[in-house]
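Below you'll find the structure, written out as structure tokens, and then a few comments.
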């Protein structure tokens, strides 16, 4: 859910256009990489959650212990990697937001703050998933 919120905030209100320039800029200090990173890890995290949820649903029907071991290790590795990537994303978005000029950002400020906040919450939720996989 947190990944979906980050993705939705950045896609919906993550881009602004200035009155003198019709091009769209990322709300995070006009750094396109900040918006792309947040959208990218948000989408991939959401898709991975769907995949691992399906694996959890069908896990009791998997009789091969080797396959079960590889699925649990994949869940463990992916959760660890995504915990780290959400930490990097939180730091990156926070840094870029601190350099953003407030006179250019009006309504989009709430969505940017929500993306930063839920990136922070995602660190702990993926860390919890890592603990459960372990």
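A Cβ is built for glycine as well, from the same backbone N, Cα and C atoms used for every other residue.
All TrEMBL annotations are machine predictions without curation.
Given the structure is predicted, the values throughout are model-derived calculations rather than measurements.
Feature annotation from TrEMBL assigns domain 'MARVEL' to 1-134. Marked as transmembrane segment by TrEMBL: 38-59, 71-95, 115-133.
Long-range contacts of the transmembrane segment (71-95) within the same chain, counting only residues at least 6 positions beyond its ends with a Cβ under 8 Å from a Cβ of the stretch, are 6, 28, 34, 37-38, 41, 45, 48, 52, 55, 59, 62, 112, 115-116, 119-120, 122-123, 126-127, 129-130, 133-134. Mean pLDDT of the predicted structure over the domain 'MARVEL' (1-134): 91.
Packing against the transmembrane segment (115-133) from elsewhere in the chain are residues 2-3, 5-6, 9-10, 14, 38, 45, 72, 75-76, 79-80, 82-83, 86-87, 89-90, 93-94, 97: each is 6 or more residues past its ends and has a CB under 8 Å from a CB in it.
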